[in-house]
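Novice: For reference, TrEMBL lists these features for the protein:
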ACT_SITE  Ser109  active site, phosphoserine intermediate
BINDING   Gly35, Leu36, Ser37, Gly38, Ser39, Gly40, Lys41, Ser42  ATP binding site
DOMAIN    27-177  domain 'APS kinase'
Amino acid sequence: MTQKSTDTVWHNATITRNDREKLHKHKSVILWFTGLSGSGKSTLAHAVEDYLHRYGCSTFVLDGDNVRHGLCSDLGFSDEDRVENIRRIGEMAKLMIEAGVITLTAFISPFRADRSSARKLVPHGDFIEIYCQCPLETCEQRDVKGLYKKARAGKIPFFTGIDSPYEEPEKPELIVNTHALSLDESVQAVMKLLLQRSIVRPG
Ligand SMILES: Nc1ncnc2c1ncn2[C@@H]1O[C@H](COP(=O)(O)OS(=O)(=O)O)[C@@H](OP(=O)(O)O)[C@H]1O
Ligand SMILES: Nc1ncnc2c1ncn2[C@@H]1O[C@H](COP(=O)(O)OP(=O)(O)O)[C@@H](O)[C@H]1O
């Protein structure tokens, strides 16, 4: 690996985040969905994006599976690699809110410390942690991608919830119990929070 360069200087953009937010007519924010595999992160993030997009908001979903095909294709699922995965996503999400975009991230992000580091990258209030709470048994019954079956058969080592830990958020901005709520109810719970925080305006 080459030595880190110290010869870089931050360049301030002429167009600011505030300018971009004015253009988009809404604030930018990170909606950080976290939870077990199969808990509903992707489904909910995309459904919220769909809703916001229809109301003219500028949005983008960073999704675990997709990002791991490109930006993070060099990473696996050891604790170390997950830490680096979430570090990169945090930095990417930070850039995207500078671009004035409502950024929705759907990663297991199993470690509290890593979610906390991502939160600290951006100003207070710009990181909204949404815990997709769902019992492991339900996630396993859903087994959307057949991965739990493989993990139980010992074919996927370090699978979250089985032989790799998931640390529940202690104080998330929102808990969505995807086991009990319908998808529509879950979307409405997120929208209610965005309205309460004046990130989007009614209508
Ligand atoms: N060992 C292991 N543990 C957990 N998940 C695994 C594993 N191997 C592959 N997958 C698939 O990768 C998706 C999770 O990637 P993430 O980038 O979100 O993981 S992490 O935040 O770095 O922990 C996860 O996607 P979701 O099911 O959408 O959560 C799985 O499809
Ligand atoms: N309230 C809900 N919110 C999100 N997904 C739900 C909800 N209720 C049931 N589901 C279902 O749970 C599954 C979640 O899968 P997925 O979104 O891929 O999870 P994850 O991205 O966390 O791995 C989907 O089949 C989805 O239809």
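Placed from the backbone N, Cα and C atoms, the Cβ positions cover glycine too.
The model shown is predicted, which means the values in this text are computed figures rather than measured ones.
Walk me through the surroundings of each of these features.
Specialist: DSSP classifies Ser109 (active site, phosphoserine intermediate) as coil under the three-state reduction. Ser109 (active site, phosphoserine intermediate) has a Cβ environment of 27 other Cβ atoms inside 10 Å.
Within 10 Å of the C-beta of Gly38 (ATP binding site) we count 24 further C-beta atoms, all protein chains included. Under DSSP, Gly38 (ATP binding site) is assigned to coil, being neither helix nor strand in the three-state scheme.
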Novice: Within the domain 'APS kinase' (27-177) only, compute the mean pLDDT.
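Specialist: That region's mean pLDDT is 97.
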Novice: Please report the distance from the Cα of Leu36 (ATP binding site) to the Cα of Ser109 (active site, phosphoserine intermediate), rounded to the nearest angstrom.
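Specialist: The Cα atom of Leu36 (ATP binding site) is 9 Å away from the Cα atom of Ser109 (active site, phosphoserine intermediate).
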Novice: What number of additional C-beta atoms lies within 10 angstroms of the C-beta atom of Leu36 (ATP binding site)?
Specialist: 24
Novice: Compute the centroid of the Cβ atoms of Gly35, Leu36, Ser37, Gly38, Ser39, Gly40, Lys41, Ser42, then list the same-chain residues not in that set whose Cβ lies within 8 Å of it, in sequence order, for the ATP site.
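Specialist: My list of surrounding residues reads Ala106, Ile108, Cys132, Cys134, Cys139, Thr178.
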Novice: Out of Gly35, Ser37, Gly38, Ser39, Ser42, point to the one nearest Ser109 (active site, phosphoserine intermediate) in space (Cα versus Cα); all of them are binding-site residues in the record.
Specialist: Gly35
